Protein chains: 2
Amino acid sequence: MSKPYILISDPTLRDGNHAVAHQLSAKQIAIYAAAADKAGVPIVEVGHGNGLGASSLQVGESLESDVVLLKTARKNLTNTKLGIHVIPGFATINRDLKLAVDIGVDVIRIASHCTEADITQRHIGYARERGKETYGVLMMTHMATPELLVEEAQKMELYGAEGIIIMDSAGAFLPGDVVDRITALVDGLSIPIGFHGHNNLGMGIANSLAAIEAGATMLDGTAKGFGAGAGNAQIEVLVAVLEKLGYATGIDLYKILDAADLAEREIMPLVPVIKSESIISGLSGVFSGFSKHVSRISSEYGVDQRDVYRKLGKRKVVAGQEDLIIEVVLELVKIRKNAARVN
Amino acid sequence: MSKPYILISDPTLRDGNHAVAHQLSAKQIAIYAAAADKAGVPIVEVGHGNGLGASSLQVGESLESDVVLLKTARKNLTNTKLGIHVIPGFATINRDLKLAVDIGVDVIRIASHCTEADITQRHIGYARERGKETYGVLMMTHMATPELLVEEAQKMELYGAEGIIIMDSAGAFLPGDVVDRITALVDGLSIPIGFHGHNNLGMGIANSLAAIEAGATMLDGTAKGFGAGAGNAQIEVLVAVLEKLGYATGIDLYKILDAADLAEREIMPLVPVIKSESIISGLSGVFSGFSKHVSRISSEYGVDQRDVYRKLGKRKVVAGQEDLIIEVVLELVKIRKNAARVN
């Protein structure tokens, strides 16, 4: 049996924005988009780390507006499709989505927390109405059972999604967790299934392969793993390993290696590695996009980041709840003060 | 069924030496050995990257002699056992192994290329005779079929090895490759089996887990992955993931995270990441210890490292054949010159 084609989407210029507090410049967008295009990457996703319309004081302001980000990418993509990540709540249809479509995005991924597919209905409907390639994305999927994920994904399919991508936003999965979820989704839906992995537990690539072997046909990967926390599945490793296993991606291996090297030089202050706090955040199941904030606030108040992650994990925080970080840090400060008073 | 105890051996101060051209200092050895001891790591392996007696012009001279390395480690280990990696040919019994035993090493691992177990007989015999915990190590095991590995490992068992560790020295394996080999070894031998993984294809941790699930009970891991090329399986990630899966290691998670952070600050110029050339070296099946040499010589002669790895892979080079790098580079220079002449 010949192996299926794997559709690779590259969110270096969106998920990578988490790693630089959303400060990617138009010039950096242009450089990497052009290199990815040359390597034959099918889809490049661009934007604020939390997607379209998310630039704000609470989760961080973008250096460049969505208009600049998208127009710059558009100009530098010839064969590669331009994609966006859209979380209803951050992105409105009238203000943001309409604009993005007018600028010429090709692929629209409407995302919600894994148990809140309901909020994606209108946005998916709008994207389909405008004739765009439209996917549903479920985030933080370690927080839902396979059965619940199937129910949520079926809603998205009903709304018009042409495929479903599940994200391991916290880097919390081991391969068995991925296989259970992808198998259930492949069985329960009639549209293609994809996986987006993070590397907190060193499983970015292994989980992506597990997804493929369980029937997924779409994967996300970023140059050098550039992305939130411990980073994403590394696109150039994915391409190499998929090639070794006999899957076609249409991406040129030497050229994607070159694009990743270019990205390291031109857009990344540091290549992601698995730091101690990333491991704890993965074990705690906390969204990787929190890491910059947790690190800053913890050191400001002199508390152990690892304890902050554990407490955030127990509270089951999700993206958009960045304000809970300070609450948890203040709690730890209070516990420390009380302990000092007793002693 | 309760899960087996997994015996973790930490070669940060031996495999890590590859990453710094064997320049680890006595002070650095002391600092990390003490931290690993505090974290409850069962075995710490110390030495030149290629093991006991390997310091030489050809593969690189150690900053410190074996005597200094081993005595320093010995002084800083209380509960943790001191281990050495021994390749007959580099290490002689009378000059090197006797000395190491006299200094007080606890664990001796006698290693050979995966098809050359024969050369380990006398060394294994000597280590057993001196009453030391003795293992056989097969290196570059992607170059042998599972059946051949079993034959070679059986020889080591016959010589007296109390366990067998297979190394993915080139970081070339995917989990299925590991499962095939470990399963065959567990079936074919009556002693414990272990796995030593590298991360060239992003599989350091995933391959280690695959080994455990196939019946291995020993794993190697290094702080932050410090080691040759793309680095080793990261010990603090291994400990976290094994804990998540319910395997006991006896290692304290927070303390091994601290030890790894200390190692990053005190002994590592750079935390290993998966570079483009590491991916190609993994795909080509070239020993990760070659990477410093390949990088230096390639850039000296202005040839593409990736082409050097591919040619070395075709020649099936193994550790100790570092002199072939210059031969291959000169070949590429010649091809380039001839091409220039034709044009």
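Each Cβ is built from the backbone N, Cα and C atoms, and glycine gets one as well.
TrEMBL annotations: computationally assigned, not manually curated.
Copied over from TrEMBL, here are the features:
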- B:H18: active site, proton acceptor (ACT_SITE)
- B:R14, B:D15, B:S169, B:H196: substrate binding site (BINDING)
- B:D15, B:H196, B:H198: Mn(2+) binding site (BINDING)
- B:6-257: domain 'Pyruvate carboxyltransferase' (DOMAIN)
- B:R14: site 'Transition state stabilizer' (SITE)
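Note on proximity: among B:R14, B:D15, B:H18, B:S169, the recorded positions of the record, the Cα nearest B:H198 (Mn(2+) binding site) is that of B:S169. Neighbour counts of Cβ atoms within 10 Å were taken for the recorded positions B:R14, B:H18; the minimum is at B:H18.
Apart from B:D15, B:H196, B:H198, the residues listed for Mn(2+), the same chain places the Cβ atoms of B:P11, B:M167, B:D168, B:S169, B:G197, B:D220, B:T222, B:G227, B:A228, B:N232, B:A233, B:S288 within 8 Å of the centroid of those Cβ atoms.
Recorded residues B:H196 (substrate binding site) and B:H18 (active site, proton acceptor) have their alpha carbons 15 Å apart, per Cα-Cα distance. Here B:S169 (substrate binding site) comes close to B:M139, B:M140, B:T141, B:H196, B:H198, B:A228, B:F287, B:S288, B:G289, B:A319: these same-chain residues lie at least six apart in sequence, with C-beta atoms under 8 angstroms from its C-beta. For the substrate site, the Cβ centre of B:R14, B:D15, B:S169, B:H196 serves as reference, and the other residues of the chain with Cβ at most 8 Å from it are B:P11, B:H18, B:G49, B:H85, B:M167, B:H198, B:D220, B:G227, B:A228, B:N232. According to its DSSP assignment, B:D15 (substrate binding site) is helical.
Secondary structure from DSSP puts B:S169 (substrate binding site) in coil. Sequence-distant neighbours of B:D15 (substrate binding site) (same chain, 6+ residues apart, CB-CB distance under 8 A): B:E45, B:G49, B:D220, B:T222, B:F226, B:G227, B:A228, B:N232.
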